[in-house]
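Participant: Take a look at the following structure, please.
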Amino acid sequence: KESSAMKFQRQHMDSSGSPSTNANYCNEMMKGRNMTQGYCKPVNTFVHEPLADVQAVCFQKNVPCKNGQSNCYQSNSNMHITDCRLTSNSKYPNCSYRTSRENKGIIVACEGNPYVPVHFDASV
C-alpha cells in the first residue's frame, strides 16, 4: 500500500518540472499521477522545488491546519507551485483543469518518523 509520504510525493511533487507555461500541464499531470480515477479530484497543487526543500518545511513555522489539527507548517519562503482546478463544465471521465502558476508559501501537514509532509493544506 502507498504510504502517506509517498502519496504526498505522487500528488504534489514535481521537482523536475519547472513551472510550465503549458496550459495542458494540469490535464496531463492529474491524469498521469492517477488523480482522475473514479472521479476528478477538484483541486490539486504541484510544487516545483527539490523534495528536500519541501520536507524541510516540517521544521519551519508551526501553524494550525484547516481542519484544526496542530501538525501544519508554513514555509519560510515562497515556492514555485502550479494550482490545478477542475473547470466547471468538466465531467468525469473527461477531467479538465485550469492551470495557474504561482509563487507562494506553502502549508503542509507532517507526521511520522522521519517527520515528513503527508498532506498539502494550503498556499499563502
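Cβ atoms are placed via backbone N, Cα and C, with glycine included.
Grabbed the feature section from Swiss-Prot, which reads as follows:
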- LYS7, ARG10, LYS41, PRO42, VAL43, ASN44, THR45, LYS66, ARG85: substrate binding site (BINDING)
- 14-24: compositional bias 'Polar residues' (COMPBIAS)
- CYS26-CYS84: disulfide bond (DISULFID)
- CYS40-CYS95: disulfide bond (DISULFID)
- CYS58-CYS110: disulfide bond (DISULFID)
- CYS65-CYS72: disulfide bond (DISULFID)
- ASN34: N-linked glycosylation site (CARBOHYD)
- 1-24: region 'Disordered' (REGION)
Participant: Look up CYS58 (disulfide bond) in the DSSP assignment and report helix, strand or coil.
Facilitator: helix
Participant: Please work out which residue of CYS26, VAL43, CYS65, CYS95, CYS110 has the most C-beta neighbours within 10 angstroms of its C-beta, and give that one of the recorded positions.
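Facilitator: Ranked by Cβ atoms within 10 Å, first place goes to CYS26.
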Participant: Across all the protein chains here, work out how many other Cβ atoms are within 10 Å of the Cβ of CYS72 (disulfide bond).
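Facilitator: Total other Cβ atoms inside 10 Å, all chains included: 23.
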Participant: What parts of the chain pack near the region 'Disordered' (1-24), using Cβ distances under 8 Å and only residues at least 6 beyond its ends?
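Facilitator: Result: 33-35, 44-51, 54, 80-82, 99, 101, 108, 111-112, 116-120.
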Participant: What is the Cβ neighbour count of CYS58 (disulfide bond) at a 10 Å cut-off, with all protein chains included?
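Facilitator: So the Cβ neighbour count for CYS58 (disulfide bond) comes to 20.
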Participant: Taking DSSP as the reference, which of helix, strand or coil describes CYS72 (disulfide bond)?
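Facilitator: Going by the DSSP assignment, CYS72 (disulfide bond) falls within a strand, counted as strand.
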Participant: Of ASN34, THR45, the recorded positions given in the record, which has the fewest other CB atoms within 10 A of its CB?
Facilitator: ASN34
Participant: In DSSP terms, helix, strand or coil for CYS26 (disulfide bond)?
Facilitator: helix
Participant: List every residue in the same chain as LYS41 (substrate binding site), at least 6 positions away in sequence, whose Cβ is under 8 Å from its Cβ.
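Facilitator: Listed in sequence order, they are MET30, MET35, LEU86, CYS95.
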